[in-house]
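Student: What follows is a structure written as structure tokens; I'll ask about it next.
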Amino acid sequence: MTLGESEKRYRISDIARELQLSPQEVLQFVKQQGVKVASTSSMVNEEVHGLIINQFSAEKKMVDETLKIRAEKEKRLTRLEEQSRKTLEKEQHLMEAISPTVRASKSSAKGSESAPKSEPKKSKQAVPAAAMVDDVPAAVVQQVVAEPEVVEPTPVVEVEAPALEPAIISEHVVDAEPIENAVTVAPVEVVVNEPIETVESVEPEFVVAEVTPLEPIAQSTIEIVAEGESVEVAEALHVAEPVVAIPPITETAELSDSTVEPIEPIASVPSTAPAPPARREPTVNENLVSFAAPQMMGGLTVVGTLDMHTGRGRKNRKKNFREQADALKGEFEVKAAAPVASENKTEAGVAKKSKPAAEVKPKPATTTAADDAKKAKKGKKKKKPDVDEKVISANIQKTISGIDDRSGTGSRQKFRKMRRSEREREQEEGAAQRELEQSIVRVTEFASPHELAELMGITAKDIIQKCFGLGKFVTINQRLDRESIELIALEFGFEAEFISEVEATAVETEADAEEDLQTRPPVVTIMGHVDHGKTSLLDYIRKSRVVAGESGGITQHIGAYEVTVDGDRKITFLDTPGHEAFTAMRARGAQVTDIVILVVAADDNVMPQTIEAINHAKAAGVPIVVALNKIDKSEANPDKIKTQLSEAGVLIEEWGGVYQCQEISAKKGIGIVELMEKVLTEAELRELKGNYSREVLASGVIVESELDKGKGVVSTVLVQRGVLKVGDPFVAGNSLGKVRALMDERGKRILLAFPSQPVRVLGFEDLPQSGDVLTVMASERDARDLAQKRQIIRREHDFRRSTRVKLDSIARQIREGVMKELNVIIKADTDGSIQALADGLMKIQNDEVKVQLIHQGVGQITETDVLLAAASDAIIIGFRVRPNVNAKKLAEKEDLDIRFYSVIYHVLEDVETALEGMLSPELHEESLGSIEIRQIFRVPKVGNVGGCYVLEGKVPRDAKVRLLRDGVQIYEGQLAALKRFKDDVKEVDSGYECGLSLKNYDDIKVGDVVEAYRIVEKKRKL
């Protein structure tokens, strides 16, 4: 970075938005890295930005993949639009060639029927009706006659000729050059002897040329019925019998790619002035649109009906469209087209210009009238109009849905198209997610090349060769460290994600059947600050709800127990060592708590541990029921507590929040019943259910474990799924065993344990940890195999981790000096208490001192513990346990300190005090007084002695002094002598004269000032 160039900075909220993460999550990570930031709006430098990107690289990669998929989808949509536009152009070009063919065939058919009876009259441009009779091939006529379709005749609409408008039949503009008296639609139907009704015409789809006024020979009406929205055209014809149908030609997306040559046009007289659009009126039938020829000879007469349906379905017509187009192309010879126009006038009398049209030149006809018509209609060739890009852009979505959608089912087809697009999008996103997941290898730390090869789908030989290339010589079963696994996975295009040995060997379970699910009791944890009445509330509930007077029934100290309220409704309470154990369980993923009762003393305040308990409950997604305890005291102030809780984010229902609150007195039992009712209400809202099937392998969570002298390892298990039975083989973490006995909280033996029921389990081979998941296996062999796999991984992990910690410790001590450590051995009654103590002690440390846990275990203090403490210079902390006789004698002999506690907070306070005593004290300078030298005396064998006057303070004989000359320090040391009148004194007060000499310094002068001070040590705090 050059001088004056500012370092680029990033806002935390912008980084979170880029990674699609919560700003609080990014802020918490930045704070963990030791960076001081105030809020999510704070700015960080590039180094911190790099740390965030490296930490959340997986999220960053997922965001990049999502953006890549989105870009590909947009590119694919653009390509689809381009293909649709090209398809539309091809369709328009092909319709230019096919439409004149159909019009020529229709005109020829009309002419052949009406020629014998026609008497042509004079007009500006008279065209014989039989001029195009030979334009229709015989093969096409035979095909149409062979497949007729009968439909009900529809009333024909009469429209005045001057108001005739071009009809638009398609949603897209067709570039065909229209001709006179021709429409680019099919099939055609002639209606005979039908009443004529004058109604408004609807807007058609195809652009059709205007009708040129002809000399009417006879009155007839031609009704043109197209698929979807059709057009009715009334022309002056004299038809003796129904004319054969023209084969239907429907518009389809599957158009021929071949280029159609120009077609010989029909001659016409062009108009000079364009006419304004005529008024459109709706018809009776929306599927029919009619146009009437000029009424010149006394009106129109319907003489017959022509059935043009072929009897085939819409799909078959679409399918055969290409075949018909190819047949027509081979049948007719295509020549150049010329513009055709007509001088039709609108109702306002303005001449309207017709659009150019194309016509097909037929083979040599049998009649000379057709030849004369061809010669008369030759004209000048006109350039085709360009494609209207605006129309294509406006109708591109409809083009994608289906170009030939005119059957009235457009909404359904659009819906199906939308659903199909959604499915394709979901499939693409799922494929991208699967591809991303396939590139992630979930592996345990210190895995072997053989295990890593199986996970990545390659051979172990490839991994060993890659290790050789990296300078590592390994065998197939040798354990790799974390850095090597990450590097090897990256070389093969994978990303390593490390999981614990329990997650790597997790037992897959089937989904619970609906018929096996039943309502289960809620699991409630009581949390709160120390001395706020948590233990008192538990004691009252147990005394009032547990059955008393049972023979030999002594309430056991367990981590969970069950009470019955309202006759048959049960609640399970967790008696954990506090919120520390709750945090440990949540960290292991054991969400065993359904509801949290937050106890707050009404005569106190919301303490920091109360806030911490609230945060733990919210992070676990557990509802909170607030219990305001000690309400019977005179100094109780519930409103103040409610206000403080609202500031902490817990707004009770009375104040418009969602958290229930109950005022209680744990000692007098006030409000306890109402509190239980609110807990049950919260449980009903959550609809807690459990699997009670005996066929399902049971599972549960270890609440706590202890070592009983007569029973061995005893663990308290909270069943979560299935039914736990005596004799079931199981695995819990790295421990295994077989259920030898089940006991409830009163020590009574039971045979079955159901969901949400706490039970004491006997039969563990090793002591499990609190929070481990107990899973019942199908056989003892399966349980042993699974436990051995976990134990191997754990031993390797512990061995590598301990070695690495020692090396790190050596490097740290070389870099920072020797750190003072307080070695501690913990023995407790339960595993849950040990974990709570260990977590609390590890938090008490700073850069100079810390707690080093030498050993921790469950059970009484033994001789082995004493010997270990003596060898490592450690202290022993006994939590609710005592040493045996031999251990006590050995501790007295070794002069070893053993501390006994029953409250976890007392342990933390004493250890914190001990660590503070190990800290180096802070040194402060305390000023005592100042002396001014006013005269110098020369004493033999002593040197210069100053005659002084004490300006302020008190100067003791043993004080440290500094000599100042003109405000500059000249000397710092101690006094050699302090006298008054030849007598040595211990101190001289302010306002007195004295004589002094400095130790090892003789250069003093009149006017110098001597300051007296001393160094004071101050005790440091953690």
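Here the Cβ of each residue, glycine as well, is placed from N, Cα and C on the backbone.
In case it's useful when we look at the structure, here is the feature table from Swiss-Prot:
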- 82-129: region 'Disordered' (REGION)
- 82-94: compositional bias 'Basic and acidic residues' (COMPBIAS)
- 104-115: compositional bias 'Low complexity' (COMPBIAS)
- 342-436: region 'Disordered' (REGION)
- 375-384: compositional bias 'Basic residues' (COMPBIAS)
- 421-436: compositional bias 'Basic and acidic residues' (COMPBIAS)
- 519-689: domain 'tr-type G' (DOMAIN)
- 528-535: region 'G1' (REGION)
- 528-535, 575-579, 629-632: GTP binding site (BINDING)
- 553-557: region 'G2' (REGION)
- 575-578: region 'G3' (REGION)
- 629-632: region 'G4' (REGION)
Student: Mind checking which residues reach the region 'G1' (528-535)? Cβ under 8 Å, same chain, six or more beyond either end.
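Tutor: Non-local partners: 578, 598-601, 604, 607, 609-610, 613, 629-630, 666, 903, 905.
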Student: Please report the three-state DSSP label of GLY528 (GTP binding site).
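Tutor: It is in a strand.
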Student: With DSSP helix as H/G/I and strand as E/B, how many residues of the region 'G4' (629-632) fall in helix, strand and coil?
Tutor: 0 helix, 1 strand, 3 coil
Student: Average pLDDT across the region 'G3' (575-578)?
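Tutor: Value for the region 'G3' (575-578), mean pLDDT as a whole number: 59.
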Student: Enter the number of other CB atoms within 10 angstroms of the CB of ILE631 (GTP binding site).
Tutor: 19
Student: For the binding-site residues listed here (GLY528, ASP531, LYS534), which one has the lowest count of neighbouring CB atoms within 10 Å of its own CB?
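Tutor: Least crowded of the binding-site residues GLY528, ASP531, LYS534, by Cβ count within 10 Å, is ASP531.
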Student: What kind of secondary structure is LYS534 (GTP binding site) part of, going by DSSP in three states?
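Tutor: In the DSSP reduction, LYS534 (GTP binding site) maps to helix.
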